[in-house]
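Novice: What TrEMBL shows for this protein is this:
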- 1-110: region 'Disordered' (REGION)
- 16-26: compositional bias 'Low complexity' (COMPBIAS)
- 59-87: compositional bias 'Low complexity' (COMPBIAS)
- 88-97: compositional bias 'Pro residues' (COMPBIAS)
- 110-205: domain 'Fibronectin type-III' (DOMAIN)
- 209-297: domain 'Ig-like' (DOMAIN)
- 306-401: domain 'Fibronectin type-III' (DOMAIN)
- 419-503: domain 'Ig-like' (DOMAIN)
Amino acid sequence: PLPQPPGSAAMTGKSAPPAKKPAPAAAKKKAAPAPKEEAAPKEGAAPAAEEPPAPEQPSAPTDEAAPVPTEAGAEATPAPAEGSPAPTVEPPAPAPEPQLEKPKEEPPSCPLSLAVEEVSENSFTLTWKAPEQTGRAGLDGYTVEICKDGSSDWKAVNQEPFLSTRYTVSNLSSGDKIHVRVVAVSAGGASVPATLEQPVLIREILQLPKIRMPRHLRETYIRRVGDAVNIMIPFQGKPQPEVSWTKGGQPLDTSRINIRNTARDTIFYIRQSQRGDSGKYELTVHINGAEDKATLDIQVVEPPGPPQNLKLVDVWGFNVALEWTPPADNGNAEIKGYRVQKSDKKSGKWFTVLERCTRTSCTISDLIIGNTYSFRVFSENICGLSDSAAIASGVAYIEKTKTTYQPEKIPQRDMMEPPKFTQPLTDRTTTRGYSTHLFCSVRGFPQPKIIWLKNQMEIREDPKYIALIDQGVCSLEIRKPGPFDGGVYTCKAVNALGEASVDCRLDVK
């Protein structure tokens, strides 16, 4: 039952059904079952009962606008009673008319700024901007379509629209030319496609050549004679770069040096290095006119030769002076120093005197009197000591020289001094029952005698007091002092030259 039967309660039972007709006309938003009930009274109502209100039918349509929205009184029932079903069905007809405006949604405008961001061997990446007009419903997304050059068959690469403004098209073949366009899609339809003016050429990325010289190879690379030289230098570049090695602007001697190149590095190999392999090698990596260069500095070294012209220049006292000149062959490396050794005739053993002398001369001291010494010198570089040493032609004999001892005359000094306190006593306050100490320091020669006094009375052998003196420091210990132990304490120092005293006050609380 609908909510309007209260008006029908005042009327007859047959007039109640017609009262339901204005309800759907006045409230269009109510459920659809209302008009269905209107058909029921048409068939079920007796014609005799409907005829009496028929003469009032003209008044019902005029008052239809007023009684329906105001009250559902007893007067409203006769107006709908006479209303035939045909006029009641016609008012809902204008309701769907505003719904016809919705399909007028327009499609979005064309996406903007379509461009290629990156191209690889088998893919490329697109970017674009959102269209200026997207419509009231907003965008559903974008569709990317491609077509090979020379064909008109456009194919979408994404099955569903997506909202991102960046997309990577993959699984392509190198060398293909691909036409691309992007369509914006919304509820209003698809936009005009944004198309690239030129097709995208799928090709290998051009990467400039770059040599990645390892850190330890940026400085001089040092090897000993006979050692193998095995160096790997990585590089990058696309397409695969060309690699070339030179030394002093000339090609390498392939009988001694082996070069093996890969797509990512080059290997420099010498089985047994020689000093002639030293030098600066130039590595060049180039691609289509672009190139990168690096220099590899190799130094092949060996132990140096011995020093030359070693001479025993002078011998005096316990000392010997030596001189020499640098070796003729430094082993292809800088001489870091010289090792000087001595040997006495009695033992015949060599002992190192100087570990690394940086000059070409030295003085050897602390030799033993009566011994005869020989000397030799090694040169040293980064490889170590020379295989042989330079030996001085002469020997050094350390003679015993005659010396006369003359004792130093020391003037006599008068050490006698009267007593003098260098640190006086200080006033102290102590607690009853806690031992305390009094300190002072005195000097004098002969050592003065120390006398302690309390209130000008000498403290003699009293177990309550312990007096000590050590290195001129005088101390007096007062054991467990009481109230009567307070007063003025005096320390007096007396010797043959005079006397001195200091005093302090001690308070016991």
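Positions of Cβ are set from backbone N, Cα and C atoms, glycine also.
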Novice: In the domain 'Fibronectin type-III' (110-205), how many residues does DSSP call helix, how many strand, and how many coil?
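Specialist: Per DSSP, the residues of the domain 'Fibronectin type-III' (110-205) fall into 0 helix, 47 strand, 49 coil.
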Novice: Counting by DSSP, what is the helix, strand and coil composition of the domain 'Ig-like' (419-503)?
Specialist: 3 helix, 53 strand, 29 coil
Novice: DSSP on the domain 'Fibronectin type-III' (306-401): how many residues come out helix, how many strand, how many coil?
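Specialist: Split into helix, strand and coil, the domain 'Fibronectin type-III' (306-401) gives 0 helix, 52 strand, 44 coil.
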Novice: What is the average pLDDT across the domain 'Ig-like' (419-503)?
Specialist: 93
